[in-house]
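Below is one structure, written out as C-alpha cells; the observations come after it.
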Amino acid sequence: MWQSIRSISSLLFSFAMLMLGQGMINTLLGLRSRIEGFSTETTGLIMTGQFVGMLIGAVFAIRVIAAVGHIRSFAAFASILSVAVLAHVLFADPIFWFFLRIVTGFCMAGMIMVVESWVNEKSSNENRGKILSLYMITNYIGSGSGQFMMLLGDPAQFQLFVIASMVYSFALVPLLLTRATAPTPSSPKRMAFKKLFLVSPVGVFGTVCAGMSNSSLNSMGAVFGKDVGLSIPQISTFMAAAIFGGMLLQFPIGRISDRFDRRTVLIFSSLLTIGSCFAVIWATGQSFIILIAAIAIYGGMSFTIYPISASQVNDMADRKELVQVSAGLLIAYGVGASLGPTIAAQFMAFIGPEGIFMFFVLNNCLLVIFTIIRIFQRQRHVESKAPFLPLGGNGMSSKQLYTAAIKAKTSEK
C-alpha cells in the first residue's frame, strides 16, 4: 500500500496543483464575467465551454496520449492550459472566452486521463479502492483550496489570472521530474450510448443529471454568491464549503449504497438534495454561518448522485464490458455537464439568483420520478454488486476513459 502511494506521490502532487488551478479559475471567471457586465445567460454559456471541451477531449485527447505518451502529453496539455488562462486578459469578449474554455476543457480531460491511468496502473486489486480514495481526497482538497486563492488579488485585475497560470505551469514540475515508469498507452473501444442506457437506464440518467448539477454549481456558484451580496472572501468560503461537504459524505453514503438497493439510496439522496436546495434558498436571508452549513449539506448530498449512479451501471453491466461502460459514463456525464450551466443561467435570469437551486430541484425531481418508475418496471437483479468507489463532484469523473484503456490492455494479454 505505502509503496504504491510513494510511487505516485509526485503524480498526486501534480494533480493537486492541477485541481488547485481549476478550482480557482472556475470561480474567477464567474466573478470576472459579472464584473465585465456580461449577462447571466452569457456567463452560463461561457462556463459551458469547458465542459464542451471536456466532452471533446474525452473522445480525442486519448489519441494524443497514445501517440506521444503520458509525460509528453501532460506537458503539452499543461502548457496550452497555462497559455489559455493568460489569454483571458487580452480580450474581454464572450465568444473569445467561450473558445478559451473549450481549449481549457480539452486539456483538462487529457491531463485527467494521464493521471488516472497512471494511478490505476500503480495500484493493485487489493489496494485500488484505498488508492482511488486518496486520489479523490486530493481532488477535493485541491479544488476546495483553490477557492481561497481568490483572496490573493482583485478579480477585476489581471493578477489572479497570472497566479492561476503559474499554478498550472507548476503542475508540470513533479511529473516531469519523476523517475517512475509511465503506463503504456492503449486505445479502448466505445459503447454506443443506446446500449449503455439499456444496461441501466437509472444509472445513465442519474449520471447525466449529476453532470448538469455539478457543472452548474462549479460554474455559476460564484455568480450566485455575488448576486446575493456575498463578498469575495465569503464567495470563496461558500464554494469551498460545498466541495468539502462533498468530500465528507462520499464514504458514508457509499457504504449505505453497498448495503441497500442503490436505486433506493439514489432516491433518498436526491430527496435530501432537494431539501438542501430549499435550505440554501432560505439561508440566503439568514446569517452567513447558516448559509455555509446549508451549502455544505447540499454539496455532500448532491456530489453523491454521480458515484451512486455509476455504481448502479457497473452492478448491471456485463463484467466483460466494464471498459466500454467506463468510457460511456464519462461521455454521459460530459453531455449533462455541457448543458447544465446554460440551463442554470436561464433559471437565474428568469427567477433571480435562487434560480440555480430551483434548477437543481427540478433536476433531482425528474431523477426521483424516473427512478421510481424504473423500480416498478424492472425487478432488482440479485447479482452481486460492484464495490462503490468515491467519485468527484466538481465536473471530473473518477472512472475516466484511460482507466478503462489500461484495463483493456491488461485483459488482452
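From the backbone N, Cα and C atoms, a Cβ is placed for every residue, glycine too.
Per TrEMBL, the features are:
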type	residues	note
DOMAIN	199-413	domain 'Major facilitator superfamily (MFS) profile'
TRANSMEM	12-31	transmembrane segment
TRANSMEM	43-62	transmembrane segment
TRANSMEM	74-92	transmembrane segment
TRANSMEM	98-119	transmembrane segment
TRANSMEM	131-152	transmembrane segment
TRANSMEM	158-177	transmembrane segment
TRANSMEM	197-215	transmembrane segment
TRANSMEM	235-253	transmembrane segment
TRANSMEM	265-282	transmembrane segment
TRANSMEM	288-308	transmembrane segment
TRANSMEM	329-350	transmembrane segment
TRANSMEM	356-376	transmembrane segment
* Interface present between the transmembrane segment (197-215) and the transmembrane segment (329-350) (three or more C-beta pairs under 8 A) -> yes
* Taking 98-119, 235-253, 265-282, 288-308 as candidates, which has the most Cβ pairs under 8 Å with the transmembrane segment (131-152)? -> 235-253
* Asked: Would the transmembrane segment (265-282) count as touching the transmembrane segment (74-92), i.e. at least 3 C-beta pairs under 8 angstroms with sequence separation of 6+?
  -> no
* **Intrachain residues whose Cβ lies under 8 Å of the transmembrane segment (356-376), provided they are six or more past its termini** => 201-202, 205-206, 209, 212-213, 216-217, 220-221, 224, 263-264, 266-267, 270-271, 273-274, 277-278, 280-281, 298, 302, 305, 343-344, 347-348
